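For 89-515, the entry in TrEMBL reads domain 'Anoctamin transmembrane'. If you look up TrEMBL, you'll see 97-126, 132-150, 203-226, 246-266, 289-310, 390-413, 480-502 marked as transmembrane segment.
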């Protein structure tokens, strides 16, 4: 809908809209009236159907400038090392986004012990690779404990917010889901129906082969990277100059940039394929999208490191590649996700203000300016990309940081700036998203736990390859392999024991939940007793009427 001043003339009314609905330009008046009646009647499916059909282009809530200014002042406008106003973020953006920032803050502080241990380790035993056994052992315990402790902190926050025991609500079909109109046997409502076998055919005959092809292409690019490494190394050995020593880092930097480009291009393809699979529910869509993206990103980001560590067995190249990939990806993410969009948004804001100044009108056009400005803002697509960035960072730190102890320190520095850049992004770059309740970080908890299991296997293998351990078994490699596998299984068992021993909910939360359940049962008993008493009082009256008859 082309916004006009007449549509936003507030001179006759003090009404301030909270949500903007942008319609297509050719929408008829009858459709607008029908939509208005559906909104008044609080029928959510009306907007969903119009979004699917393309009549409604977008729906978004307006920022509350006064509340947003207060949140910004306590959040990121003054750069300082302090806790975030998580409850304030929850009050403005909702539980899902507040949980992300809570997890980002927790993960950053959890990285500090690794950074503190890694810094002197880097300074004193930098080139002594046979000393990484101790650091790898600490890494194993750290990656398990921090995830279990997070569950407790998450339970504490969501109990305070009232979403810990949130029941899963019945999901409506997602916008974009299409099919032949029919009657849903569960709800009895008329909605699109799509056969499950057609969706499975699309997944296994199209999506799966495409993902495998992309994985193969990623490995092919990786081998080109190794060819560049060999070329740069040969050039340096032949000349031996300082210029060629700098050139040794160029292949890793180029490869890191290519990885980021491939990840983003694949993300668009994965979104298109997952949408084309035509999933009925948003949760099913998100699960299939996360699976596709995680598999590709894991292979694309870590395949070269695994190849260097366990095929080439070149710890110096592993350190160099890990450092370059980690630092380059962090810099690119900061630029692409926050700084560049903020700069573009500022330029757009200046253009809008110039138009408003040139517009000669007697009405207060502040609301009009806000709608026009926010209409062109980017749409926040959820916490997927934010969690994915932390997931990959967790992989860099937990899988191979024992050969590059500064990985955790660089991650801490990045995350301190990430908190502020993400806050800026939420407040000034994107439209305000609708609030979504949440009880946890969802499937990402499982993703991080899976990465920690893989880190156990990786670190045990690195320990088994260390000169210290190999010196104990100079002749029998078979015994060494058996012992490493046995230790790896024992550590995995210890990991699961720790996960079981550390309660997911703090003791005081368990007591409060038990008391809440007790009070609910007592209230139910009292209600049942009241009904029984009322029934007993009515029985004598009925028997008296029968005798009189």
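Glycine residues also receive a Cβ, built from the backbone N, Cα and C atoms like all the rest.
Just so you know, TrEMBL annotations are computer predictions that nobody has curated.
Taking residue pairs at least 6 apart in sequence, the transmembrane segment (246-266) and the transmembrane segment (480-502) share fewer than three C-beta contacts under 8 angstroms. In this chain, the transmembrane segment (203-226) touches the transmembrane segment (289-310); three or more CB pairs sit within less than 8 A of each other, excluding pairs fewer than 6 residues apart. With pairs at least 6 apart in sequence, the transmembrane segment (390-413) and the transmembrane segment (97-126) have 3 or more Cβ pairs within the 8 Å limit; the two touch. Below 8 angstroms of C-beta separation, residues 251-252, 254-255, 258, 262, 266, 269-270, 273-274, 276-277, 288, 292, 295-296, 299-300, 303-304, 307 of the same chain, each at least six residues beyond the ends of the transmembrane segment (203-226), sit close to that stretch.
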